[in-house]
Amino acid sequence: MTPGALLMLLGALGAPLAPGVRGSEAEGRLREKLFSGYDSSVRPAREVGDRVRVSVGLILAQLISLNEKDEEMSTKVYLDLEWTDYRLSWDPAEHDGIDSLRITAESVWLPDVVLLNNNDGNFDVALDISVVVSSDGSVRWQPPGIYRSSCSIQVTYFPFDWQNCTMVFSSYSYDSSEVSLQTGLGPDGQGHQEIHIHEGTFIENGQWEIIHKPSRLIQPPGDPRGGREGQRQEVIFYLIIRRKPLFYLVNVIAPCILITLLAIFVFYLPPDAGEKMGLSIFALLTLTVFLLLLADKVPETSLSVPIIIKYLMFTMVLVTFSVILSVVVLNLHHRSPHTHQMPLWVRQIFIHKLPLYLRLKRPKPERDLMPEPPHCSSPGSGWGRGTDEYFIRKPPSDFLFPKPNRFQPELSAPDLRRFIDGPNRAVALLPELREVVSSISYIARQLQEQEDHDALKEDWQFVAMVVDRLFLWTFIIFTSVGTLVIFLDATYHLPPPDPFP
């Protein structure tokens, strides 16, 4: 190969590298020119009284969580800061068309914008990435950060609540006479008055839904244009979020409603079953466990009571009353004529009147089936007819052994003894017959007393059943109305359609 051809080959191989080498050298020369005598601690103001305008924006990548217990909101964001540093401007034509540079954040002046309402004392960003400097002197810095900001939680309508959490940014080192803050610009470079959602990396929260995300510039008192020394401007970003209540509906409210139904059906359980008290106390203990579980979720505040706690307390009061009223029902059920005498008003109200309204009907006792006496058409001897009438014809029991009147027990009717010891004593029975009739009369009285005792005891049991049914319908009405009143109130608690009406 001739020397000329070798030179041509080397020139062809080195030609693609020449622009890159020249570009690196041009960028290096530009850096040396820009930072020759540059002091990153000096504010980029042409005059002493000039204010540096800093645009503050926020790009939301993820709403990590909202800790109601600690009143803390965790977010993953990109802080979008933009300002103009006249010392970092150049003519692209003089530097091989270089239009922008990426420079480490430590090398340039920074407006020192930090989160004021942080909850962990960390004011810095997570990573000091490089700033992008354009040829006209504009500087843009988008450092990522995980912020834990304080958020005042309103627990009145928990878990059907919405919260208004704020992130307050301000310059920590400069007041409003040195640095002028303004709301950030959108991706298109136009005015942007809300938090920008990073479409590519945004992760939706499973518990909270973002409703509004506006921002607002808070001017210090006085002239908002000129600024005042010692006072700082603030840019506040609002996150108005609404809770997704499905988790609490399935895991808390639905079990509470089922437990309330158990407490209601305690009054449908017969007192003889022996489980009325056990079922009531079981429901009461279950609600107590739910209250203990919710205590770790709700902030410890005395300003208001959450709506779910109101519902649990309402249910607990109902279940407590069900325990007390079950005791009353059992007390009525086990009463007897030997221990309690039924008042007339109790009999009138709970036996004769209330059952009609409660759709209760007391079964009627079956009548004694007695054969009809045979009709003797042919005349017979006097002894035979008397014998037939003695053994076949049965006098009414109320006539021989009258039942005492339950309403007026003092009224009594004559009994069988009037046939034994009449007032005129005209008819005298043989001593053997008198002893037989006296024994029969004693046995009949004992049977009658036992029958009356059982009847009065059944009356008390029927009163207990009527009271049980009355409590059942009362609890159904109170539970339905109370549940609707408590939860319908939450349906009117909605986020405002306009965050700044």
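Just so it is clear, glycine is given a Cβ too, placed from its N, Cα and C backbone atoms.
According to Swiss-Prot, the protein carries these features:
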type	residues	note
SIGNAL	1-23	signal peptide
TOPO_DOM	24-244	topological domain 'Extracellular'
DISULFID	Cys151-Cys165	disulfide bond
CARBOHYD	Asn164	N-linked glycosylation site
TRANSMEM	245-269	transmembrane segment
TRANSMEM	277-295	transmembrane segment
TRANSMEM	311-332	transmembrane segment
TOPO_DOM	333-469	topological domain 'Cytoplasmic'
MOD_RES	Tyr390	phosphotyrosine
TRANSMEM	470-488	transmembrane segment
How many Å lie between the Cα of Cys151 (disulfide bond) and the Cα of Asn164 (N-linked glycosylation site)?
8
What are the sequence-distant neighbours of Asn164 (N-linked glycosylation site), meaning same chain, six or more residues apart, C-beta distance under 8 angstroms?
Tyr238, Leu239, Ile240
Same chain only, sequence gap of 6 or more: which residues have a CB within under 8 Å of the CB of Cys165 (disulfide bond)?
Leu66, Met73, Ser149, Cys151, Tyr238, Leu239, Ile240, Ile241
Grab the pLDDT values for the topological domain 'Extracellular' (24-244) and give me their mean, rounded.
87
Cys151 (disulfide bond): tally of other CB atoms within 10 A of its CB:
23
